[in-house]
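See below for the structure under consideration.
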Amino acid sequence: MLLRDTHSPTGIHPVSQSKAAWRAMRAGRPLQVLGRPRMAFTTSKAATFPSTQSLEDPLTTTQDHSSAKHSTEVEREVEQETYDWAKQWYPLAFVEDLDPKVPHPVELLGERLVLWRDADKQWRCFQDKCPHRLAPLSEGRIEPSDGTLMCSYHGWRFDGEGKCTDIPQSLDAKANAAACSNPRSCAISHPTQVLQGKVWVFGEGGSRAFIDSAAVKPALLEDLEDTYPPREKNGGEDCFFAGGHYARDLPYAWSTLMENLADPSHVNFSHHNVVGDRTVDQTMKIVSKEPSKTVPSIKDTFKMAVTSFDDKARDYQTFDMEFVAPCLVKWGIPPWGVGIKHGYMPMYMIPTGPGRSKILWCMLLPTSSMPAPAKLMQRLTPKWLQHISITPQVLDGDTGLLHGQEVAVSKEAEKDLNRLYYMPAQADRFVAAYRKWLAGRGGGGPLPMPETSELQAQPQLLDRYSQHTQNCPSCSRAVQVFTALRIVTAALAAVCAMGIASTLAASHPVLGLPAQFAAGGIVLAGAWLWLSKTIQKYYYVPHTHAHA
Ligand code: FES
Ligand SMILES: [Fe+2]
């Protein structure tokens, strides 16, 4: 396809010169489409993008002249009912990451919880404190005899509903039954459900929560059926997970994580040479897809179209970004090399505690979206290998920046971040919209921001082991196996060294034996080194942007 730039000396931009076409559009020069449109960006509609000025809408509040308007809108939003973060569903874990034989400690909205699977194979969630003397139930065990959750301190047992079924210290059956029928012996339960491969937990516990939760819709991926692996709705295709699932606890607040995921313009810099390229054109247009550009918080969801240069496609691409309160940011995947036509990148953000959050990440591609060899390679790549490749590098790349940002913000008197930040480019439009929603309807966020006045050291911030490995069955198993293999390789290398020494010392060495020992020793040393480096990736990998 050709585009005609009415101010260009030649007037012609083939698609391969799309950077020039983009510059023409930035300058507001009309482009005439010649021939068949090939992609959304280069259609005649795209070629008549409105100017930057006319794209301003109520979502952008960073211009100085809009301060008064911004105040009015925030005040109007505050007048709305504040978003109730507790009466919402949150996906706390991928089901396949949970061992059903043991209880799992989790955290939501500052409350410690325990996830476990009962005798009916239902995932349950209780407050992580035993009604007896408040010991953590996550330290307990699931009794194989009856599938109850037993507190490890004094052996009280609980069924899936939270009802106490046995108090071993009771003097007789009658006393046991009387104590167990007292509501004070019950564990406090949160509603749960398994949807789209994740265990969802309602933010509020207790009997009232089971009534409230029935009326609340979880932030599901609306494009996909509740099947596993997922299938697109409306006669679409089966999808497969590219890069595996990945869950990680993060040492910064939910609101900071959300701001980061609402910001496509950081990718090429923060993740240069990982998933981005800081050397390409960084121009970015973001246009609200809200109908009639109303204030988005009315629906607690908003969507925008992002147009930027995609280094994988080597072309300009448009994709959608969407926020669905309380926990989902979804990036569409535009067409790019290796035959990918479209896909989904949902990122679930969990407000675990003050200054802490958790991300559940995955990338879903329709099965026809990739050539068979690439798909086969994806499928054959074990999760423990996927989990030490790109995704942790991406999160590591952001963590130091976001932590430093939180420390800087905590020292500022101005707490309205849309006033504190200076965001003159459209690239920050989604961030501005989100911050406005959070300050108004969002009531400031799910949890108070902690006073974060001191910078933490990088090994603490990027502690992959406590943030991911210990909770990932695939990675923790890999660490065990690799550690055992490393001991074996070290032992065999020592045998080789002794063999070399003894044969060299002998007056009549066996012909060729020292060379064989030496070759074996080199291979084993290489294996030991590879294992050591690989094991380290499950614990901590230093990240320096200046060297990326
Ligand atoms: S604290 Fe749980 S049984 Fe005593
Ligand atoms: Fe893992």
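Positions of Cβ are set from backbone N, Cα and C atoms, glycine also.
Range 1-20 is the one annotated as region 'Disordered', of 1-20, 121-140, 141-160, 181-200 (source: TrEMBL). Listed as Cβ neighbours of the transmembrane segment (484-505) (distance under 8 Å, sequence separation of 6 or more from its ends, same chain) are residues 513-514, 517-518, 520-521, 524-525, 527-528, 531-532, 535. Within its own chain, the transmembrane segment (511-531) is flanked in space by residues 482, 485-486, 489-490, 492-493, 496-497, 499-500, 503-504, which lie at least six positions past its ends and keep a Cβ under 8 Å from the stretch. DSSP states for the domain 'Rieske' (89-201), grouped as helix (H, G, I), strand (E, B) and coil, give 17 helix, 42 strand, 54 coil.
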